[in-house]
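Taken straight from TrEMBL:
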type	residues	note
REPEAT	195-222	repeat 'ANK'
REPEAT	446-478	repeat 'ANK'
REPEAT	479-511	repeat 'ANK'
REPEAT	512-544	repeat 'ANK'
Amino acid sequence: FERKVAFTNEQQNVFEAVKAFDVSKLRRLVSKDKTLLLGRTQLDSDLLSIALNGDPRRFIDQLLNSHADNNFFRYFLETSTNVALKQKLAHILKDPHQFCYLTAVRFELIDTLLQLRLHPQVDPTLSDEALVSIFAHYSPDSLDQLLQTFPVEQFLRDQRLQNSILHWAVLRGDLQLVRCALHRHRTLLNECNVLGESPLALAVRYGFRDVARLLIEHGADVLRSKWTPVWIAACLGDLEMVRMLLAGEVISGRNNPLVAAVEHDQLEVFAYLHESCGYSLKGDCLLHKAVQLGRVRFVRYILESEEGSMLIDNLDTFCFTALMTAAACGRFDLFLILVQSGADPYFSNEFGYNVLHCAVYTGKWKIVDFLLQLPEMDVNARTADGFNALGIAIGQNNLAMVEYLLGKNSEPTASHVLLAGYYKRYNILQMLLDRDQSLLKARDVTGRNLLMYVVIDRDLPMVNDLIARGIDVNARSRGGFTALLIAACNYEVSICDLLISAGANLEAVDDVGRTALAIAMDMLHLSLVKLLLSRGANPESVQSFRFRSSRNATFLHKFALEGQTFAVQFLLEQFHFDSSVTDDNGETALDYARKRGNAAIVELLTPSRSSSSPES
């Protein structure tokens, strides 16, 4: 531990010598232990960084005079064992002038900077990063020297943000620099950067009132910005800035400052804009926005104003009233305020949506209960697309709300059970069927019933439940599909077995003429094929099936063409398939196999082999 402490102290001495560029002291210290030159501080800075930050002016001087006696950098090149450090030094010493120039810019060494910019090996162009650093950190005197020395084009705009010199002057909050920039570059007064902000907008955003006043006096456009200065001031709640910008007048523009005041909860600014400047409360759905954001004070203010009675049932862009918005947001406090102020709870918009629908959609119990206690509220009122409150609750999977609405005499219909089935809300579906068993007959526009929905979903317990309730297992949809045919397509062996036990017709065919057995064979669901055969399916439906779009080929043709050897063998052994059957071109499955060059299938289908297969 003592040795470690001693080494640390010696290393600290090395750091001090590095900061002072004291080569003699370094030689003396390092002569004891060269590993001292490998040290790093707790801030993880290497020795070059320590030297640079310790005295940048001397750092530059040592770089530019690297051949002098006792030069700091030459000493490091000769003695350091740090390869990376030596490589870095060698690279800098190849062309020190450009590096020194950039270092002078970084550390505000104006005399050095002005001297080096004239050197032939130096590119004096200031980068965007340099401009940002200059305008952010330089003193006014240093900045003034640069502005007088460098070409004006260097400062007019940076390439990245497109900030002009006036933008930078405003960002500094330097009134004198802003005045100077305005005197020299008046045309930049209303220019915007890539963010769409003018110098005035920046002054307002950062609260530089004196700068903003100066810009306004020089004719700055208070509407010139992506977000107007008035909007920004309203967002910040800077009432003094708002007064300065508007001077008691309405300035129409694309950004309504009343909206900004509502969004950022600035009621004092909102009241000033309305009462002193004459901004109207009618535009931009201010009441709706206040309700949506839960701004109780704003809602009361608007409703108590002269315009309030005219705004209470106005529609927003979604054709909602403020009361519907309160219901949709679940704000019972605002809902009561609006009702007490005369909002119409029975209103229905052009799409048939009313306040009850909005409340049910978001599952707000207090509001739903309040509405259903109103004498003329129709719990079964439908929207233009056929939904009522119960249908909306089903779509939201709100079991408790469904149960509540059923208790309020909401009548379940076929569309409700189909909706529950489609969205797999099976607990709700069972509740609806318990209420009205006749809904088992419900069909959608494609003719599918509830059983087909749950078969598609592969839900065996629900299939069992619907069968137990007495649903028609042989109902046909568009395309001629039954539940059994759908289960066969999905390779659901257990569901197929259950449906057959419930009386599903094994010989039912779809519009293409396929039975469940033919579908299973077509899709090579061979375990299902065996089940269907064991349950009494007629193998003739496979033997006689023809692919009409493929020259009336048989299954044997199909699998021979596809090279499905095991399927060909399965047909021969399980169905005793006649291999001599031809398609419309007079070709047999053997001809198909020969064209494909599949020797195994050719062997299976040759007369001697195929004729012996059934016996074997």
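Cβ atoms here come from the backbone N, Cα and C positions, even for glycine.
Note: TrEMBL annotation is automatic and uncurated.
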Sequence-remote partners of the repeat 'ANK' (195-222) [C-beta within less than 8 Å, at least six residues beyond its ends]: 161, 164, 166-167, 169-171, 173, 175, 178-179, 182, 186, 188-189, 228-230, 232-233, 236, 238, 240-241, 244-246, 251
Tally of residues which DSSP labels helix, strand or coil - the repeat 'ANK' (479-511): 16 helix, 0 strand, 17 coil
The repeat 'ANK' (446-478), counted residue by residue under DSSP: helix, strand, coil: 17 helix, 0 strand, 16 coil
Helix, strand and coil residues within the repeat 'ANK' (512-544) as assigned by DSSP: 20 helix, 0 strand, 13 coil
